[in-house]
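Asks: For reference, the structure I am asking about is given below.
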């Protein structure tokens, strides 16, 4: 989850204003050395192997001297959450007031999250903690993409009945992330309460996630600058002084 801005790299779209960069800038005295290995579209497998040619496995970045690791992870595994949003969007035009995505896919996405993403996250967080035994490992939950009900078709091309369906998928994703953190002794930062009302259907000056239509950045369905600030603020509160 990274905004594409003018200071990002080409392959990973790694912004110099993502939440990790913000945390590093504000805690420079505490964590004087910082390395950003975030990469757009990264899944748990990319901690162990090159995501793109020349992009080292993310686990290579941590070691015994590492004191803090922050991440968002899980939503790209198997393309599950992104696939769910795309699939629902593809079906919305034919039945914008119905729930065509729920009717077609049922529990497919949540089943994958609980059966496949969950153990992958636990394995990955365990690996991070093994390579960086002195580090505090922090994994941040995903801010709400959609409101609880209604939606904002066609700004977000999701049928009204599928808005709560996708919320269920995202809630399952965040629950899986939270459980993996608890099982591995990592720290989970919830964005659920903080991001309520700041979803992609909110007004431009309020939203933290850019919508499919009318986005103010070149990457949609990802946190904008305000969203990255919010992720950083929530993480800093969890870290304390």
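For all residues, glycine too, the Cβ spot is worked out from N, Cα and C.
Pulled the feature table from TrEMBL, pasting it below:
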| type | residues | note |
| --- | --- | --- |
| DISULFID | 12-39 | disulfide bond |
| DISULFID | 88-101 | disulfide bond |
| DISULFID | 152-201 | disulfide bond |
| DOMAIN | 12-230 | domain 'SGNH hydrolase-type esterase' |
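Are these features on the surface or tucked inside, and what are their neighbours?
Replies: In three-state terms derived from DSSP, residue 39 (disulfide bond) belongs to neither a helical nor a strand segment and is classed as coil. Packing around residue 39 (disulfide bond) is summarised by its Cβ count: 19 other Cβ atoms lie within 10 angstroms of its Cβ, all protein chains included.
Residue 101 (disulfide bond) is surrounded by 26 other CB atoms, counting those within 10 A of its CB over all protein chains shown.
The DSSP secondary structure for residue 152 (disulfide bond) is coil.
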Asks: Counting Cβ atoms within 10 Å across all protein chains shown, which of the disulfide-bonded residues 12, 88, 152 comes out on top?
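Replies: Compared across 12, 88, 152, the most Cβ atoms within 10 Å surround 88.
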Asks: Any idea what the Cα distance is from residue 152 (disulfide bond) over to residue 88 (disulfide bond), rounded to a whole Å?
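Replies: Cα-Cα, rounded: 14 Å.
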